[in-house]
Amino acid sequence: MPSPVPDGHVRGALLPIGGAMDLQRRRLILLRFFELAGGSNARIVVIPTASELPDGGREYLEVFGKLGVASVELLPVRERINANDPAATEIIAQATGIFMTGGNQLKLTAVLGGTPVATAIRRANARGVPVAGTSAGASAMSAHMIAYGAKGLVPRYGMVQFGPGLGLTNRVVLDQHFGARHRLGRLIAAVSFNPYLIGLGLDENTAAEIDDDHLMQVIGEGSVTVVDGAGITYSNIHQLKVGQKEAIVGVKLHVLTHGWSYDLIKREVIPPVVMPALPVAPSLEQPAADPEI
């Protein structure tokens with residue numbers, strides 16, 4: 001569960017990113033996190049726990065350093081013993097922005113879950129510190145986390161497996177690399193398990209900024225697919241065997257691009273006041289991407 005907001009504070013933004021984030025060209029998402037964290041006064045902590053690479057996360061030290069932040073530090077939390085170190089929680093307490101890398105979301109939650117570091121992240125966000133996560137770092141933000149699953153456009157029983165996430169939000173379930181890895185079916189299946197949850201499918205180099213009023217705005221070159229199950233009138237998910245296709249009636253889908261918003265409380269789409277020019281990657285070249293999957 002998210003930590004309660006202390007008196008006089010406003011909860012910080014969440015910035016889940018669908019992976020393959022542009023780090024060198026337009027950098028729309030990166031620059032937005034830089035702004036949220038305090039710009040040139042930002043003190044950013046990078047959490048590489050999800051990464052399987054021994055030097056995972058170090059590329060972000062250079063990236064944020066070039067932006068001109070006041071400080072950027074790699075939190076040395078690779079094992080649970082590190083996540084119980086008071087020095088690690090003190091580093092988080094001093095941060096104005098927290099960034100979680102990609103990798104394996106199950107590793108991230110297995111190491112951090114139930115530790116002082118996880119508590120410190122939630123408390124920092126409740127005090128107003130923005131938290132961003134790319135790929136696995138995005139999936140782990142929600143209380144109900146997609147731990148792993150199968151690709152496909154049609155929901156089937158058993159194609160998605162949940163695990164407890166870090167609990168920065170309990171309103172949504174997040175999936176990443178969404179379009180590139182054909183994950184619509186598993187997100188619909190996830191929402192049908194409990195239609196209170198709103199599914200957010202994040203394309204690569206695309207983020208869903210969620211503010212303290214539970215307003216989600218899309219940033220980036222792809223789209224965010226919103227799966228709203230509140231209107232479901234029928235689902236047979238509880239009657240199926242593994243691999244069988246799900247019948248589901250009344251699920252609502254929205255595909256939102258840069259500048260569009262969605263109210264997570266009212267479950268309503270909000271178009272931009274002025275239709276933005278859609279960002280397009282440079283022709284014939286792929287944007288420089290983060291190395292995590």
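Each residue's number is its place along the chain shown, starting with 1.
Just so you know, glycine gets a Cβ as well, placed from its N, Cα and C.
Since this is a predicted model, take the numbers as computed values, not measurements.
Feature annotation from TrEMBL assigns active site, charge relay system to SER135, HIS177, GLU204.
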Around the Cβ of GLU204 (active site, charge relay system), the count of other Cβ atoms that are within 10 Å: 24
Alpha-carbon distance [SER135 (active site, charge relay system); HIS177 (active site, charge relay system)] in Å: 7
SER135, HIS177 as active-site residues, winner by CB count within 10 A: SER135
GLU204 (active site, charge relay system) and SER135 (active site, charge relay system), Cα-Cα, nearest whole angstrom: 8
